């Protein structure tokens, strides 16, 4: 029986890998170990990993911050460091990015690398490496990423168009397809919410008290018991609760990269509408949620592949762009 289970799991992983397309083609000028021998005797990836490990030890939610940063970065003009730039009218000032966190960690890593080998490591590579290391520290599978990105000399708030928290499954999938990613990728990448959190102000109208624009209406797609808990203790219908934190996964699992997020969707306990809509009646993504929820080994194996693909969206390499001295400003 155990052998049959392993064979079945292996077959599912092969099938899922084919559907996912796996990260293999990507950008021709990115490569594994790009910085080897370019920073004196220093191992660039080990330096990044050490700083991320130190931060994770005292601030475990950093994994959620970095995953969100990678998505908000790479989904707008590609993984080019544009989100890191300070100043009026930059990507950082756009409404969806006002709550992005983790900039200080990227700045700390950059400062250390500049001390060791000035002008060598791009800010955009630091983002991808730091996210990779945080995912592994939070229980995800370790994975290799290719490096060699350059930083773009452009950052415009007007370019920032990201999916809304109430996106339908079709809208979410369409957004990821515009990035060159598949429906399977979309469901995997939304699985980053396994370590995510939001605030009551985001869900009070859409799910708890004004569903469909009707006063007092609660989203029928939300598990009634969870709705009761949220309305009674977490997000009471008063302005004072708007800033209260709501975990996007079970609280016991909220700091671990695992497949529990998908089990929550099966139980109608997805917090954001865009999450629960993946499991809605008639949603083309429902079978993927079932696959990932019912086969716990699949998500840890496939999530890194989707992150790799996201991390290679519209990158610039070679002589394009620049290697910033400070991540928050152009040279």
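Count begins at 1; order follows the chain as displayed.
Yeah, the Cβs are placed from backbone N, Cα and C, and that goes for glycine too.
Keep in mind that TrEMBL annotations are predicted by a computer and have not been checked by a curator.
Here is what TrEMBL says about this protein:
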- 72: active site, proton acceptor (ACT_SITE)
- 76, 78, 80, 91: Ca(2+) 1 binding site (BINDING)
- 163: substrate binding site (BINDING)
- 193: heme b binding site (BINDING)
- 194, 250, 258: Ca(2+) 2 binding site (BINDING)
- 39-117: disulfide bond (DISULFID)
- 74-79: disulfide bond (DISULFID)
- 123-327: disulfide bond (DISULFID)
- 200-235: disulfide bond (DISULFID)
- 29-331: domain 'Plant heme peroxidase family profile' (DOMAIN)
- 1-28: signal peptide (SIGNAL)
- 68: site 'Transition state stabilizer' (SITE)
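Location within the structure of each feature annotated in TrEMBL.
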residue: 39; record: disulfide bond; contacts (Cβ under 8 Å, 6+ apart): 47, 113, 116, 117, 120, 121
residue: 68; record: site 'Transition state stabilizer'; contacts (Cβ under 8 Å, 6+ apart): 100, 101, 102, 192, 196
residue: 72; record: active site, proton acceptor; contacts (Cβ under 8 Å, 6+ apart): 83, 96, 97, 100, 160, 162
residue: 78; record: Ca(2+) 1 binding site; contacts (Cβ under 8 Å, 6+ apart): 152, 313, 314, 315, 316
residue: 79; record: disulfide bond; contacts (Cβ under 8 Å, 6+ apart): 70, 73, 124, 127, 128, 149, 310, 311, 312, 313, 314, 315
residue: 80; record: Ca(2+) 1 binding site; contacts (Cβ under 8 Å, 6+ apart): 73, 124, 149, 150, 151, 152, 154, 314, 315, 316, 321
residue: 91; record: Ca(2+) 1 binding site; contacts (Cβ under 8 Å, 6+ apart): 76, 82, 83, 85, 97, 155, 156, 157, 159, 160
residue: 163; record: substrate binding site; contacts (Cβ under 8 Å, 6+ apart): 171, 172, 175, 274
residue: 235; record: disulfide bond; contacts (Cβ under 8 Å, 6+ apart): 200, 203, 204, 208, 241, 244, 246
residue: 258; record: Ca(2+) 2 binding site; contacts (Cβ under 8 Å, 6+ apart): 139, 194, 296, 299, 300
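Comparing CA positions across the recorded positions 74, 123, 193, 327, the one lying closest to residue 250 (Ca(2+) 2 binding site) turns out to be 193.
Geometry remark: residue 74 (disulfide bond) versus residue 123 (disulfide bond), CA distance 13 Å. Residue 193 (heme b binding site) is 24 Å away from residue 123 (disulfide bond) when you measure Cα to Cα.
A separation of roughly 26 Å, to the nearest angstrom, links the Cα atoms of residue 193 (heme b binding site) and residue 327 (disulfide bond). Close to residue 327 (disulfide bond) in the fold, though at least 6 residues off in sequence, lie 81, 84, 103, 106, 107, 110, 123, 126, 151, each with a CB less than 8 Å from its CB. Per-residue confidence over the domain 'Plant heme peroxidase family profile' (29-331) averages 98 (mean pLDDT, predicted model). Looking only at other Cβ atoms within 10 Å, the busiest spot among the disulfide-bonded residues 123, 200 turns out to be 123. The record gives 194, 250, 258 for Ca(2+) 2. Within 8 Å of the mean position of their Cβ atoms, the other Cβ atoms in that chain belong to 195, 249, 253, 254, 256, 257, 259, 260, 261, 264.
There are 25 other CB atoms within 10 A of the CB of residue 76 (Ca(2+) 1 binding site), with all protein chains counted. Neighbour density at the Cβ, taken as the number of other Cβ atoms within 10 Å, is lowest among the recorded positions 74, 194 for 74.
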